[in-house]
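Working notes for the structure below.
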Amino acid sequence: MPNKPVFFYLVKREFGLFWSNKIFVVAFLIMPVILAFLLGNVYMDGAVKHLKIVVVDKDNTSMSTKLIDMFSDHPTLHVLEVKHETIDLDQTMLDTRAIAIVVIPERFEADVLNKRNPEVNTYLNMSNTVAAGAVGTAIAQCNGTLNAGIGIEAMKKSGLPASVAAQRIQPFQLNLFQLYNPGQSYLVFLWPALIFSILHQLLLLAMAVSFSQEIENNTFNKAGLLGLTTSAFQLIIIKMVPYLILSMITLLVFYLFSLHFKLPNPVHPEVLFLSQILMVISTCLLGGLYSLIFPSQLKATELLLCIASPAFTVSGFTWPADQTPVILEAFGKIIPLTPYLRSLRALLLEGANIHDVMPFIQHQLILIAVFFLLSFILLKLRIRKSLRVSKEVNAEEE
């Protein structure tokens, strides 16, 4: 062995194991960059725009035309076609890929003027709930604006001043203030969480083979790794160091992408960075723990996918955790991604400080302590077993 401290020699050895696995090199260093770029460009606009709708105008009057014009002027909507005859709704949606079909009934204008309350029916394609929700809101806004305008005009014709007519149409005013992402940008909301869920999954899968690789290659013995050190603490740290360093590079790349996509800067970036480091450490420890429990690389990887794959879904980032079954909520709490995403939301979007996210930081520290303790105990037992086997083999040879 070179005349260097054992620790640094072992770290160099770990880097050698990493670089020898070309799949890991590509997955860990290249895929996060590609996916961050692709996802950022998918959500570049921040909000859905120009979503296709079809209008069936059975009235074909100035009032129905005015409503259609309002649809066309709305930034969320794109009027793909205007038809004047009855259509097959399902087939039209399939043929045009429209998100909604709006049907304006016959005698629409006449019924409005005669106060017969005609109904404008909107059929939403709910196979895409995000797009359908945006289209439904936009159509409702247009209908509400036209309704108010018609009501005010009718009152003005009866002799009421415009101000009084407006007061009667809207006896009270609702002020809606959108805080923390007022532009409702999907880029700001979703991109940071998705890219860190990717990093979380890659770290789990990489660390899942950290010890099982040594065991399968028959290097977890006195003639191999244990001939250099038998310290469980040192071995855990050594296995983590390469991925901690590589994760720092990945975090830097993510930061540069956030500048490119013009994401808002957190008020306390140092707190966010602390939470990111804790997420990386806790994730590495969880992956290493799996590697000790399941000494087969294939089995460890397959079983760890049971945690890695649903991690983002059960984290509570997009669907409220308290709306899930209790067992899934509890499952989400043992995943390192969960407290990090809560810190991310608070720090990046809500302008929180370290006191606001302290419960999430404490959650991360608890996970680190638990995963490290379990890993230490299991590794200590596995080291003793391996050394005992080595002694027995040597005794038999003698």
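Any Cβ shown, glycine's included, is placed from N, Cα and C.
Keep in mind that what you see is a predicted model, and the values were worked out from it rather than measured.
Sequence annotations record features per position, and here TrEMBL assigns domain 'ABC-2 type transporter transmembrane' to 22-377.
The transmembrane segment annotation in TrEMBL covers 23-43 (among others).
Look at TrEMBL and you will find 186-212 (among others) tagged as transmembrane segment.
Sequence annotations record features per position, and here TrEMBL assigns transmembrane segment to 232-259 (among others).
Annotation comment: TrEMBL describes 271-293 (among others) as transmembrane segment. For the transmembrane segment (271-293), the list of distant contacts is 196, 199-200, 203-213, 236, 239-240, 243-244, 247, 251, 300, 303-304, 307, 336-337, 339-340, 343-344, 347-348, 353-354, 357, 360-361, 364-365, 367-368, 371-372, 374-375, 378-379, 382: same-chain residues at least six beyond its ends, Cβ to Cβ under 8 Å.
Within the chain, the transmembrane segment (360-381) has long-range Cβ neighbours (under 8 A, six or more residues past its boundaries) at 211, 232-233, 235-236, 274-275, 278-279, 281-282, 285-286, 288-289, 292-293, 333-334, 336, 338-340, 342-343, 346, 354. Residues or ranges marked as transmembrane segment in TrEMBL: 360-381 (among others).
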